[in-house]
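Colleague: This is the structure I want to talk about, given as C-alpha cells.
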Amino acid sequence: MAHSKPPHHSSASPEFDLPSLSSEPESEVFSSGVATSPSFEIIGSSSSGNVNKKMKTEGEFNQEGPGDEVHRSISVQDQLMTGRKVAQRPSIERSESLMSLTDALKKQNIVDEEITQAVAGCDDEKFVTVREKVSKLKKECCPKHRRRSTTPEKKELRRSLKKKCKECKDCVAKHLEAMQISQEDTSEQLDELEKLKVENMKLKSQLHKVFEANMKWQVYDSQRDHYVATLMEQLEDLKEKLQQAKSSTNLDEAAQREIDKILLASKDKVTAIEEEKIQLEDDLRKFKQLCEQKEQRIRQLEAQLRERQGGDKDVVEALKQQILLCTEDFEAERRDRERAQGKIFDLETELQLLRRQLEMYEGEAVQSMNSRRQAALEGHTYCPGRTVPDDYDLEEDMDEVDSLTSAKE
C-alpha cells in the first residue's frame, strides 16, 4: 500500500480566512497530519435577515517571539512524522471530511457574497465609510503584507474586521427593517385609499337616489297643485249652480238650512285644504332647501376627500352619519307627503259626497215645489174675476219665500 506524502508546511505563520476578504481559504496542517480547512458555524436570523458568522479556526499556532520559531520547526517535523503514520488511513474518510469542509466553505463564500452585495447596494454614508475602511483593510491585508506581518497584527486586523463586519451586518439589518416598514406603510395607505374610493362611490349612488326621489316629489307636487286647482274650479262651479238654484227655485226653510250647513262645512273644508296646501308648499320649500344644503355639503365632503387622498376613518364615519341623517330626513318628509296625500284623498271623497247630497237636495226641493204648485192649482176651483184660490193665496206664499231668501242673503 503506497503511502501518500503529507503536504509540506512552511515555517511561516498560518494564513487565516478573514470574512469578506478572501474567498479561497488555505488549508492548515495540524498535529494529526490531516490537511483540514477552517470550520464555520453559521447562525441565521429569520426576522431581520441578518446573518452572523462565527468562525472557529482549529490548530491555530501561537507565535509570540523569535524563540518560538525553533519550537515551531520542531513541531512541523513531528507533524510530518505523524502525518506519514496517519497517511495509512482509508482515503474514504479523508474524502468525506474534505467534502464536508468544501460544503462549509461554499456556504461561507455565499454568505460573504451576500453581505458584500448588500453593503455595496446601500448608498448611506455609514455604508460608504465602512466600504472604504474594508477596502483599506483589504489593501493592507494583501498576501505580501500578510507574509511579513506577525501574529498579533493579524489578530488585531481580524478583530477589527470582525467588528466592521458586524457593524455592516447591523446596518444592513436596520436598512432592511426600514424598507420593510416603509413597504407596510405604503400598503396600508393604498388600502385606505381603496376604502375611501369605495365609500365615495357609495355616497355618489346615494346622492343619485336622493336626486331621483326629489324629482319624483317635484312631479307629485305639480300634480297635486293641478288637482287642487281642479277641485277649486269644481267648487266654484258648485257655488254658481247653487246660486242659480237659489235664484230659480224657492226652497223650503229646512232644505235651505241643510244646504247652508253643507255649504258652510264645505267652505270650512276648502279653507282647511287651502291651509294644508300652504303648509305642504312650505314643507316642500324647506325640503328643497334642505336638499340643496345636503348637496352642497356632499360636494364639500367630496372636495375634502379629493384633497386628503387617504384621510382618517373618522371622516368616512362622519360622512356616513351625515348620509344617514339625510336619508332619515328624506323618509320623514316622505311620510308627511303620504299623510297629506291621504288627507287629500279623504277630502276628495267628502267633496263627492257633498256634491251628491247637494244634487239630491236640489232635486227634492224642485220636486216638492212642483208638487205643492200642482196641489195648489188642482185643489181649488176657478172663480171669475179672481186670479188666486179663495182659501190659499199663492202670491203671498211667494212673497214670504222671497223675503226669507233676501233676509238670509
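Glycine is treated like the rest: Cβ placed from N, Cα and C.
Automatic prediction, not curation, is the source of TrEMBL annotations.
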Colleague: For which of the residue intervals 266-289, 290-313, 362-385, 386-409 does TrEMBL record region 'Disordered'?
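Modeller: Of the candidate stretches, TrEMBL labels 386-409 as region 'Disordered'.
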Colleague: Between 113-140, 141-168, 337-364, which stretch does TrEMBL give the note coiled coil?
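Modeller: Range annotated as coiled coil by TrEMBL: 337-364.
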Colleague: Tell me the residue counts in helix, strand and coil for the domain 'TSG101 and ALIX binding' (204-235), as DSSP assigns them.
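Modeller: The domain 'TSG101 and ALIX binding' (204-235) comes out at 32 helix, 0 strand, 0 coil.
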Colleague: Averaging the per-residue pLDDT over the coiled coil (176-311), what integer do you get?
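Modeller: A mean pLDDT of 80 is what the predicted model shows over the coiled coil (176-311).
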